[in-house]
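TrEMBL has this to say about the protein:
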BINDING   Glu47, His50, Glu151, Asn154  chlorophyll a binding site
BINDING   Arg52  chlorophyll b 1 binding site
BINDING   Arg156  chlorophyll b 2 binding site
Amino acid sequence: KVAQTSTALNAFESELGAQPPLGFFDPLGLLNGDVDQERFDRLRYVEIKHGRISQLAFLGQITTRAGVYLPGDIDTAGTSFDSIPNGWAAVSAIPQAGLLQIIAFVGALELAVMKDVTGEGEFVGDFRNGALDFGWDTFDEETKLSKRAIELNNGRAAMMGILGLMVHEQLGGSVPIVGEL
């Protein structure tokens, strides 16, 4: 069993993302056992997606805790964005219709928008589909690999960061440093 697991891990230890400071990053052991390239690519896609979401979530947490909110009201009843509390308490404070809109929007993104619909992605997690490039195509291969590695590390850090903020909030309600902004 150990030899089979080691062989599966060795097959992917040279993939993008096996880099300092973490080395080969598989904290949940999802690549243990018989794993093929298709499964690895699926897990990499999920890692990139959750890393991007976590970066936005972390930024949203520190922004709202710093007192920066959208102007205006969240609903027609006059509930202002700045009256919505931070963290988990926001979930129960947002009007039900708003939560349903959020769920519908995320569902639409998942099912129709955020996927490699045409198969033209240059790598797993590339949603440009040949339409947008934002200058990406002007980079050489080494720079592209470097930027993708940076995105993976930043996403991993953000996943740990937002989880840390959520745990701190549940432990005592005060998030050190961020809560003092």
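The backbone N, Cα and C atoms fix where each Cβ goes, and this holds for glycine too.
Remember, TrEMBL labels are computer predictions, not curated facts.
Here the structure is a predicted model, which means the values were calculated and not measured.
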*The record names Glu47, His50, Glu151, Asn154 as the residues that bind chlorophyll a; what is their largest Cα to Cα distance in Å?*
11
*Residues flanking the chlorophyll a site, with Cβ no more than 8 Å from the Cβ centroid of Glu47, His50, Glu151, Asn154 and excluding those residues themselves*: Ile48, Lys49, Gly51, Arg52, Ser54, Gln55, Leu152, Asn153, Gly155, Arg156, Ala158, Met159
_Close in space, distant in sequence - Glu47 (chlorophyll a binding site), Cβ under 8 Å, 6 or more apart_ = Gly17, Leu152, Gly155, Arg156
_C-beta crowding around Arg52 (chlorophyll b 1 binding site), within 10 angstroms_ = 17
_What whole-number Å value do you get for the CA-CA distance of Glu151 (chlorophyll a binding site) and Arg52 (chlorophyll b 1 binding site)?_
8
*asked:* Counting across all protein chains present, how many other Cβ atoms fall within 10 Å of the Cβ of the residue listed as 'chlorophyll b 2 binding site'?
replied: 18
